[in-house]
Amino acid sequence: MSTVLIIEQILNGLQFGVMLFLMAAGLTLIFGVMGLINLAHGSLYMVGAFAAAAVAASTGSFLLALAASLAAAAIVGAVVELVVIRRLYDRDHLDQVLATFALILIFSESTRWLFGSFPLFLDVPKALSGTVTLPGGIAYSSYRLMIILVGVAVAIGLFLLISKTRIGMRIRAGENDREMIGALGVDISKLYTLVFALGAALAGLSGALVGAIQSVQVGMGEPVLILAFVVIVIGGIGSIKGALVGALLVGLTDTLGRVMLPLFFANFMEQSSATSVGSSLASMSIYILMAAVLIFKPTGLFGRA
Amino acid sequence: MPDTVLNIQNISKSFGALKASDGVSLDLREGEIHALIGPNGAGKSTLISQIAGKLKPDTGKIDLLGYDVTKLSIAERAKLGLGRTFQISELAMDYTVLENVMLGALGKRGGAFRFFMPVMKDAELRECAQSAIERVGLSHQMHKVTSELSHGQRRQLEVAVALTLEPKVFLMDEPMAGMGAEGSKMLTSFLDNLRQQAPILLVEHDMDAVFALADRISVLVYGKVIATGNVDFIRNHDEVRRAYLGEEAA
Amino acid sequence: MISERFLNYTVALLILGMALGAWVMDEPFLITLTTKAVILALAGVGLNLALGQGGLISLGHAAFFGLGGYAMGVLASHAQNFTPIMETPFLIEGTNSMPIIWLVAIVVSSFFAFVIGLFSLRTSGVYFIMVTLAFGQMLYYFSISWPAYGGEDGLSIYVRNSFPGLNTLDPIQFFGICFVVLMVVIYGVNRLTHSSFGLALNGARQNAQRIRTVGLNPFKIQLIAFTISGAITGLAGALFADLNRFISPTMFSWQTSGEIMVFIILGGVARLYGPVVGAALFILLEHWLGGLSEFWHIYLGVILLSVVLFARGGLIGALSKKENADA
Amino acid sequence: MKIKSILLAAVSVAALASSAIAEGHGKLKVGMITTLSGGGAGLGIDVRDGFMLAIKESGNDNVEVVIEDDQQKPDIAVQLADKMIQSEKVDVMTGIIWSNLAMAVVPSAVAQGKFYLSPNAGPSALAGKACNPNYFNVAWQNDNLHEAAGAYATEAGLKNSFIMAPNYPAGQDALNGYKRFYKGELAGEVFTKLGQTDYAAEIAQIRASGADSVYFFLPGGMGISFMKQYAGSGVDIPLIGPAFSFDQGILQAVGDAALGVKNTSQWGKDLDNETNVAFVKTFQAEYGRLPSLYASQGFDTANLLLSAMGKADVKDADAFRAALKEADFKSTRGDFSFGNNNHPIQDIYVREVIKEGDVFTNKIIGTALKDHADAFATECDM
């Protein structure tokens, strides 16, 4: 395997990691501030993708589509928070898991009812549809490069938001002590709605970004949701930094595992069974990674005990 | 040293720059109540946690009944005979008083691995639990759910659970906290008798109780024991008065 | 308002009556449906031991359900093809005898539950939920890409396995087997709940620190509970495979874990008959709503959501006196 | 009382079931189990619509069709099959889309004396060792389209193919089917994860492999994701696939990325025969969308059934079986007959994805295999 190919694969792993980070950031933020496990986060991702596809189809503008994905997911997120989620903050994790599981059912089937069973069309904008040549002669998809940049921008934005702004201060206070923040005179229910909508908007954005190179269809959120959970659990639930590190780890493990493991097994078994065994192990790799991390650090890499 | 049941030798524990325990040595002898006092933030909770096994000291050694328990878990220390009550009640809140105390009785028996016989019909366990409940004066509340008990009753319940274990050493973290005057008085006289059964290491803020009960007192300030001695010695100890009692008196 | 015990007997009799009624009216499908509810209830009873009594919210119980199913599939497919499972170092033959299959299913799933528990119980809270999910997913992907037993396609067993003295292909007789198994397990779980072990297990859920302080080891207690719980769910998996005469990786999917959990919440957490009521209700809804609309998942979601939000004791909680189950 | 309403519900379910016992002579009851909810619903809906269109056009009111949704779950499918056989007492079953569901349902249904007509799935076991006189496949054996693609690649002079499929039995069969008829070298063979959505790593491997063609089998959303990402990657090695990833329902979601891709299919909407022209027209009029491959298969399945009904009573199983075997119906695919294993012998075409106005669709550009049967027929002793 050539060095250029390995570098390209590492880049692919990073880019997959960044996509996961967009999804995981919202999830971990919501958990960190409100202590809520939100299985319906994948549905917000789907909402973003469908909103983007619908707007792109009627206006033809990718930027408008992205804006729509942010807005739609944020609005849906806020409404869900007001109607359902806020009743769950004081409940145990079991209730949260089940209620948000129910939300998945409702969201998925409602979307199918509205948009039908066939996948929708959403394409990358013309300007980004080609490739750019990176140093070393790697031809890399411009759109994927943009995803990396957006992810980095969101990561920086979140760090700034949390460390430098008033809202960020309140969020941090809420993470440390939910009662204290009430005592500070902050309208806690408004803050929660805001944080939930923010997390939802991030999920919606990533749904739209990813939807353009994957398929926009009902049920698209669940596989990503599970991966995002793996990410935040590895990183330590509630930690944005953990989400970033976890996302990159998962992205790299998954991508490189898929490429390397079949090659590795080909050293001592016949080609087609090596491909099969290698792929099987690769599909389990991130779960093995997660179990391994938790065995050594039961609260994740950056989690608080 | 058969006379010394608990011997804490020069233990230290730091959290970052903060030295919560700084070379603490302490011992507890048969038949005595040894009170540990100190202002807030002096490191009493950290010390208790290390004795109970929740935290491991960075350096130093803890002997319980002649065994080195420094590296043992909470459960293992409990099995050796360390009975503990908590500053903030650690009880199964959905259980009745009886059920909570039955847990202690199970612990005394050394295992819960009986899967088929109804536990509430186990005469031996029940007797053990009921007598403990009687001794702390909760007989009338026996079937009340713990979450409905008053604060003081919960403290009594904690003591009852500890009693079932028939411990050789009691470790009590502020048993008087939150009790009314009446309750404190009752508990004081109860503890007074309890020392016959097993010695008590008592962490307490209630100075009346401490002076009434303690055979010896150790004073902990900034992670260090600054003085150990009998009531009069401590009352008249200059450094203690300055560091601690002085503030209180003022 | 009625007492929970009375309600439990009523539910058991109702299920029995349903099957017998269907038998008298010659409605074999209704019997099959009731049997499905009974088997899923058994899976729920298994999870409820860990989740309700032990407070261990496992989102990976599909692993044990699937393992039980595959134990049946592997044994029966080898018996069906007259090929041994392995010849070296010693010969293991397939079998189509239910009692042996059950035994194997229980041994395999409790072994895995023990190992998974050993790792998972080091964590708690959300981490526990997620690490059990991860183990479930591992087995799911493994079963998909393991070609020997059909991979994603699954494996069909053409004839239901046999039980000495009974004709298992007769729906009512197979129902009888499953019903008896369920009743025996419920009896056992009830005894367990009220035993020393049950007292300690429930105590560990409420306050692990308390259990430690009396000299008991909550980890050990929870590990044993998790293992028993996995074994029961595994047994249910073997029965479920026999009901359908078919196994597939779907049994391992995280949605299956979610559904088993749904039974418990519909019926009432930590209640002896909670999963039974929940599973029966779920099957009823599936067939009712499924007939009403293609989009019946919406209604199911709304019902589930309302139960979680407004009827915290589940259906049994709504019908009997206390909101909290007594231990 | 809630208990009471549950009981009532139970009783009413029972009553409903018992009232639906088949009656009359010459009548025929069809049980259709197909996927109508969840992610894979598009395929089932097309099969159902195609099937019902044929029934409606025939004006034959002796056919009663019971339709149930399997949610793409094998255990649900098995229970629905039990229900159809035990309480609905259907004569013929059909509708299943997915091979794994077919493997769960078909063997026990035919063992109980029911006829099964497969409108989509064709697992190899049912074509070979586990073939059954009561099982008729009206679509294809699973390997067929892949074999045709291999034949096309050989004929087109391709020498170095990169091949790719998800790591599950149908994926492994697909690559084997391709290799059976492909005579060139392999530049690479990759199994992806089932349900995988990101193919950057595989595309990088393709780029580095020096292949002259890429054959991929990635059904549903997987194929959409792959093609979009492939188009954006700048790799211009030509793609070949089976029709599943280029179906009418999916193409609109792929868009320009699919243009020009060659794919193999036993049907195309531009196939010039009388039945097909009429079918495409009436389907569009009835449902307001272009028919898909699946719709054509559903339509053919119903017509096969109707043709047999015209010749024999379903109660006379031997006569009915013989009538089915004749395949005396006008197929949308033109010539159609059954081999010894009751699987189709038919032409398989090569199509190219084109754009007609605003709609992406396929155009037939050649025939890959003529009168093609399947590789498993010899294993079937019928």
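Glycine too: its Cβ is placed from the backbone N, Cα and C atoms.
Pulled from TrEMBL, these are the features on record:
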- A:16-37: transmembrane segment (TRANSMEM)
- A:44-64: transmembrane segment (TRANSMEM)
- A:70-89: transmembrane segment (TRANSMEM)
- A:101-122: transmembrane segment (TRANSMEM)
- A:142-162: transmembrane segment (TRANSMEM)
- A:191-213: transmembrane segment (TRANSMEM)
- A:225-252: transmembrane segment (TRANSMEM)
- A:273-296: transmembrane segment (TRANSMEM)
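Same-chain residues lying 6+ beyond the ends of the transmembrane segment (A:142-162) with a Cβ under 8 Å from its Cβ atoms: 12, 14-15, 18-19, 21-22, 25, 29, 124, 127-132, 168, 171-172, 202, 205, 209-210, 212-213, 240, 244. The transmembrane segment (A:44-64) is not in contact with the transmembrane segment (A:273-296), judged by fewer than 3 CB-CB distances under 8 Å for residue pairs 6 or more apart in sequence. Ranked by the number of CB pairs under 8 Å to the transmembrane segment (A:191-213), the listed stretches A:16-37, A:225-252, A:273-296 are led by A:16-37.
For the transmembrane segment (A:273-296), the partner stretch with the highest count of Cβ pairs under 8 angstroms, out of A:16-37, A:101-122, A:225-252, is A:225-252. Listed as Cβ neighbours of the transmembrane segment (A:101-122) (distance under 8 Å, sequence separation of 6 or more from its ends, same chain) are residues 39-40, 42-43, 46-47, 49-50, 52-54, 56-57, 65, 80, 84, 208, 211-212, 215-219, 221-222.
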